[in-house]
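J.: Marked as ATP binding site by TrEMBL: GLY163, GLU164, SER165, GLY166, ALA167, GLY168, LYS169, THR170. As annotated by TrEMBL, coiled coil applies to 915-1105, 1155-1231, 1323-1412. For 600-613, 1116-1127, the entry in TrEMBL reads compositional bias 'Polar residues'. As annotated by TrEMBL, domain 'Myosin motor' applies to 69-763. TrEMBL lists 1507-1783 with the feature domain 'Dilute'. Annotation comment: TrEMBL describes 598-634, 1106-1127 as region 'Disordered'. Annotation comment: TrEMBL describes 643-665 as region 'Actin-binding'.
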Amino acid sequence: MAASELYTKFARVWIPDPEEVWKSAELLKDYKPGDKVLLLRLEEGKELEYRLDPKTKELPHLRNPDILVGENDLTALSYLHEPAVLHNLRVRFIDSKLIYTYCGIVLVAINPYEQLPIYGEDIINAYSGQNMGDMDPHIFAVAEEAYKQMARDERNQSIIVSGESGAGKTVSAKYAMRYFATVSGSASEANVEEKVLASNPIMESIGNAKTTRNDNSSRFGKYIEIGFDKRYRIIGANMRTYLLEKSRVVFQAEEERNYHIFYQLCASAKLPEFKMLRLGNANNFHYTKQGGSPVIEGVDDTKEMAHTRQACTLLGISESYQMGIFRILAGILHLGNVAFTSRDSDSCTIPPKHEPLSIFSDLMGVDYEEMCHWLCHRKLATATETYIKPISKLQATNARDALAKHIYAKLFSWIVDHVNQALHSAVKQHSFIGVLDIYGFETFEINSFEQFCINYANEKLQQQFNMHVFKLEQEEYMKEQIPWTLIDFYDNQPCINLIESKLGILDLLDEECKMPKGTDDTWAQKLYNTHLNKCALFEKPRLSNKAFIIQHFADKVEYQCEGFLEKNKDTVFEEQIKVLKSSKFKMLPELFQDDEKAISPTSATSSGRTPLTRTPAKPTKGRPGQTAKEHKKTVGHQFRNSLHLLMETLNATTPHYVRCIKPNDFKFPFTFDEKRAVQQLRACGVLETIRISAAGFPSRWTYQEFFSRYRVLMKQKDVLSDRKQTCKNVLEKLILDKDKYQFGKTKIFFRAGQVAYLEKLRADKLRAACIRIQKTIRGWLLRKKYLRMRKAAITVQRHVRGYQARCYAKFLRRTKAATIIQKYWRMYIVRKRYKIRRSATIVLQSYLRGYLARNRYHKMLREHKAVIIQKWVRGWLARTHYRRSTQAIIYLQCCFRRMMAKRELKKLKIEARSVERYKKLHIGMENKIMQLQRKVDEQNKDYKCLMEKLTNLEGIYTSETEKLRSDLERLQLSEEEAKVATGRVLSLQEEIAKLRKDLEQTQSEKKSIEERADKYKQETEQLVSSLKEENTLLKQEKETLNHLIVEQAKEMTETMEKKLVEETKQLELDLNDERLRYQNLLNEFSRLEERYDDLKEEMTLMVNVPKPGHKRTDSTHSSNESEYTFSSEIAETEDMPLRTEEPSEKKVPLDMSLFLKLQKRVTELEQEKQVMQDELDRKEEQVLRSKAKEEERPQIRGAELEYESLKRQELESENKKLKNELNELRKALSEKSAPEVTAPGAPAYRVLMEQLTSVSEELDVRKEEVLILRSQLVSQKEAIQPKDDKNTMTDSTILLEDVQKMKDKGEIAQAYIGLKETNRLLESQLQSQKRSHENEAEALRGEIQSLKEENNRQQQLLAQNLQLPPEARIEASLQHEITRLTNENLDLMEQLEKQDKTVRKLKKQLKVFAKKIGELEVGQMENISPGQIIDEPIRPVNIPRKEKDFQGMLEYKKEDEQKLVKNLILELKPRGVAVNLIPGLPAYILFMCVRHADYLNDDQKVRSLLTSTINSIKKVLKKRGDDFETVSFWLSNTCRFLHCLKQYSGEEGFMKHNTSRQNEHCLTNFDLAEYRQVLSDLAIQIYQQLVRVLENILQPMIVSGMLEHETIQGVSGVKPTGLRKRTSSIADEGTYTLDSILRQLNSFHSVLCQHGMDPELIKQVVKQMFYIVGAVTLNNLLLRKDMCSWSKGMQIRYNVSQLEEWLRDKNLMNSGAKETLEPLIQAAQLLQVKKKTDDDAEAICSMCSALTTAQIVKVLNLYTPVNEFEERVSVSFIRTIQMRLRDRKDSPQLLMDAKHIFPVTFPFNPSSLALETIQIPASLGLGFISRV
């Protein structure tokens, strides 16, 4: 891929920076090939031009995508280079507070300079058994990987911890050893792991010191081998030390200290046992005051001294040896205070009676004078003579310091040897894990011999590291069949050759040391002459002739030659050593015994022991002749040899690397100095690992992971069924350069940068998809918003317009109302005015109209009279004129009509002659007739109208006339009234005048009264207002007082309620704590009890195994049980430590298998013997019985009649019994006639089945009776035959004699007839019963056939279902289940009908039988006379037997107790009992046995039975304690037994729910309250064992099912991973899923329900299960950075919802199980909520109430985006959260206690089952007990 594709605009790069080492910048324009300058913008916004190197034209390093930043493994980064590594470490360390990071096979550990809560035992348990890549990086993960590889590959392991001083090497090594000690445990009771850890305080006190870089810096290297046995348990350890810094004993730089032990001694000087050491303040001694810093802040040297002494005691160093060590150390301090005075330039003296020297001599037990002499002199030996020479003051001081260093080095070696002896184990070591805590690469301003040796060792280790990394890379490539190309890596063999080869630096140094006059200068010249200009790695400083430079793998280092020879020689005057060897102090010569032995390379270099063998051994003695030669070995030579041995050891093991980094030089917590970090990364080889990885194919993906991650880059047509081929096809399209990737067998290998390119393509594709989704969603949101706004606007408009309309309507209403008011007002005014005017007008009109009316009347009267006259006159004239006119007219008419008629006649005559004329005439006539008819009708109508008008006019006229008459009368009356009114008006006017005067007077009085009233009113109002104000004030005071009283009462009530609630909660918490403490004590007690039993069995086995012979066992125990017992014992003994095997090996050898076979054979022979003995006894009894029968035969016939009558009586009693049972059946059926009564399990159904069972038993009895009666009848027939019958049997005479005793032959006949009828009846009954049995057998065969058919059909359905898809399979299974239930229901109904028929049939048979028996009795009684009864007193009386009533007790013999316990407890299989029998049956049986013992008042029997029961249950649980069904079964039965003891105890509190019958069954003699407590404790122990079993089963499923498996496919994408591959979230075969957990929960729940466990107890078990699931899931979430993402939060919430759904399905929501998941739910919500603003922080604080502050902060720190679109949590936001949560008081513990068990309670749950109804099945083998 071209650079132009990657170096585009906005691409981010790294550029060098002098301050920050590397700075991030962003390209402002695309890079084009040939550009010499890049235009960049820094993160702070500054723009700059970055010039490319004109020679190399190398582009700056590209920055990884943000999604890859903060990865657990640096090799997961796409761009592998120095700035990427540095930035990733910085982000993890500063932002996420993560100090561990993987870099391929290396664990990089950054010292936080702060105590972190990540090393507790809960963290150790969380990492135990986990794969290295599954959890976040941790030192425990490396330790677990080493431990696992040791066990898996059976190869020794090494953990190499290196780094600068102060980087945390010692602490890391300490934690690794702590992990091994905790996880593996000890193989013996000697607490080896504690001893291994106890060696740390001792070694730190004598080997660690304060430096400028570290307060607890290890000044020596050590390699600790931790030994393991075959079961990989710690059995011991061995320590080797390297290059102790002896010079620190006599010299310390500024701000540094000597070894801690000296300051601990000085701080403890006032202790009584230390007074003899004559110590004081550390500033009083020359060897402890040079650094000027005798105190370390935060460290108490007195307490540290106590810890050191305690560790010494634990490691077996006695008090005397400890005091010896302290004497020697004190002597060294006093030796440092010895002062010399110069006598001249070549000699010196010590002042006489010099106190420091005298104290030194006393402590060391040497002669003062002799010591004083040899401190100032030395002995020189030549070839011929020996002489003593004085030495100068400087030489004497150097000799004193050399002696002090030598003594300390010897003491150090002696302590290391004794520590190794204490850690040594006699058991053979199978394998070991070595922990190498060694100094890292060092370079100071002045570097001397110590730095040279340290850097030489680091060169060797780096070479081994490079080769190992190279080898791993090669193996990976070869395994995946990738073409292997040689990767160029830094080989530091030339540098090692420069140091250790022939004529190398060490060789020349040793040679110069052998020269008599060799000096540092001559040695430097030899170095220059040998190596300068010949070796590229060796240089000479320009300005110095006493120094040289070596180019190490990490850096160039300049060494000063001064002191090299002296330090290499390590010269101590022999005479001084001899003086010390002659000491009276016994311990001192022991230190120098090694001088006479073959000294190991490490011992001379102040190290520990030499041997590198895997089993510690004491140093072997050398040959006598070797002593002087070996003693002359130089320090360099010894160090080189020990280093070679160390490398051999490391090469023989599998190494694991831990590189410790020091983040800053000032010990500031979580402060990262980039410069110092880069220096150390270069020095420790991390960057070399990165470089080797980057040179090949650093990024590696499995095909499935690649497909899951980059599925978005594929089209649908590209996806094939073959994932491998799909990936190949897609990659060929995405990356054109085929050299950038390779296809392996299981993985795809990518070059550096290719994953980043693919991530870029993926991000671009997702970004485009996101933009499209955003576009669509934003459009939809805006449309939705627009519609919402439009709807709102319309609503607002509607309301506004409505309001306006209402306002307008109101206005109109008001206007209308005003108009109406105006109308009516105006009408009133006008009307009033009108009325006034009208009244006036009427008055005027009345007068006027009266006048006019009178005038009109007179006129009308005159006119009327004139009209009358005129009428009469005119009438006469008119009549006269009319008569004359009429006559004239008639005459004229007659003449004219005559003339016209004549004319018409002529016409008619003419027309009559023609038809047409007639027709026309006829037509015209018709028309005329019709017209005339119409006219007539109209005239009639007009007539009627005129008549109506006339009538109306007459009415009107009449009314008008009447009206006028009334008006006239009224006017007359009004005229009279007017006259009267005129008089009245005058009188009224006078009265009005008077009234006006009275009115004026009244008005004046009214004014005065009103004035007085106003004044009174004002006064009254003032008084009322004042009273009101006072009343208001009083009311306010009253209200305030009432309010205060109410508030006080409320506050008091609230406070009391709060106090009550708090006290209740506190009491509940105290009760739970006390209960938990008690149950934990019970658990511990049971554990100790089991341990005691194991030890007891072990001792018994050890005592009994060597002795041949046989121990007799109880005959009630079967051979299987004894075999099982012995096999379990042998299995237990195999688990015992190997130390118990060794003593047994020393005894007589015994073949255990042969012994067991012999023992088993002896048992079988004993059983056979017992069987033979029983058979013999049986035979003897039969013989005796036959003899007795022969003797009694003469008497048998006489007794047969008695037997017959007894049988009849039995038949009668059984008949009554059957009647009673039928009555009970009728009663049960009549009481409950509902359909469910007859359902299986109902009381009536049970009664019916019991009756049927009893009937079948009775029929068997009847068969026997029929046979007996038949035999009797035969015998009676023989008796009736004559005596002389030849065929008569020999004993017939006896029978005849008996028969002859009867006085009447009729009596015999009667008896015969009765027996014959009885026989017939019984035969018919037998035949019917036989037929019924045959029918039943036939029905059973049919059922078997139907079951076979059903089985075949089920198999076919199962085969079909397996071929269906999952959804169809579920539907088919549901359909099948419905069909099955329907068929079962129909079958049950058919069975019910059959049972009803059978009952009716049996009733009829019983009635017939009863009737026949009754008739027979009557007949027999009638045939027997009273005399016969008197004469035969010997005849048996017919006495009916009373019906037996069970009391709910079981009787057993004392000797059968062991058999009872064995069959009911030890050999009982829970699965069969749970399926076939009622729940809790063993508990009921045991309690019924206890009841019988109580009934007998046998306290010994009760005590024995209860004790045996409890011990047997414990024994069963001990043997099968890992079986869930067994533990659950016995927990249920123990609780039921406990409830029975309570229910039938007789205490009122437990008898509330009992029936009267159950109260009769209460215990009467014993109070078993103490045994109830013992049973309660046993139930608690079983419950805790059940929880442990649950935990062991669920533990492997939880992480995989709840976290790793993708329940919602495609939500969480797979991120790139490094070398440490995590477990894939894609479900493989065998991978646990959420369905696996749910199936397991269903299995647990069904088993608990089958065993009849109490519902409350089931709830507690479920709550505990859910707590385990939640705690384990949350703990893993807190330790896995890759799981803390938004998508994983969704997965977790979905999984939790499925668990809640399971609770709802099982009706367990009120069990408290959901609340235990609350921390997990809140953690998942925390992963999904917004994490930016202060409001978000407040919401998180209020939401995460179930999480601790540490957990919240940890989740936020671990939160990792899976996609680029997610954002990381800022550091400021996390600090805001911490500030808000600082006042919260919660536990600082990070992880939840997954081992926590809630205290269990057993609420009383009485049983409704009646004890007398319980039947004991034969399958239990309890035939020896009987119901009472």
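FYI, residue positions are counted from 1 along the chain as it appears here.
A Cβ is built for glycine as well, from the same backbone N, Cα and C atoms used for every other residue.
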J.: If you count CB neighbours within 10 Å, which one among the binding-site residues SER165, THR170 has the smallest count?
T.: SER165
J.: Which of these binding-site residues has the least crowded Cβ, counting other Cβ atoms within 10 Å: GLY163, GLY166, GLY168?
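T.: Minimum Cβ neighbour count within 10 Å, taken over the binding-site residues GLY163, GLY166, GLY168, occurs at GLY166.
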J.: Which residues, same chain and not among GLY163, GLU164, SER165, GLY166, ALA167, GLY168, LYS169, THR170, have a CB within 8 angstroms of the centroid of the CB atoms at the recorded ATP site?
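T.: Other same-chain residues with Cβ inside the cutoff are ASN111, ASN214, SER217, SER218, GLY440, CYS660, LYS662.
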J.: Please spell out the DSSP helix, strand and coil residue counts for the region 'Actin-binding' (643-665).
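T.: Output for the region 'Actin-binding' (643-665) reads 9 helix, 8 strand, 6 coil.
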J.: How many other Cβ atoms are found within 10 Å of the Cβ atom of ALA167 (ATP binding site), counting all protein chains shown?
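T.: Counting Cβ neighbours of ALA167 (ATP binding site) within 10 Å gives 25.
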J.: Which number gives the other C-beta atoms within 10 angstroms of the C-beta of GLU164 (ATP binding site), all protein chains shown included?
T.: 25
J.: Far apart in sequence but close in space: which same-chain residues, 6 or more away, have a Cβ under 8 Å from LYS169 (ATP binding site)?
T.: VAL161, SER162, GLY163, SER218, ASP437, ILE438, TYR439, GLY440, VAL658, CYS660
J.: Please average pLDDT over the domain 'Dilute' (1507-1783) for the predicted structure.
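T.: Residues in the domain 'Dilute' (1507-1783) carry a mean pLDDT of 86 in this prediction.
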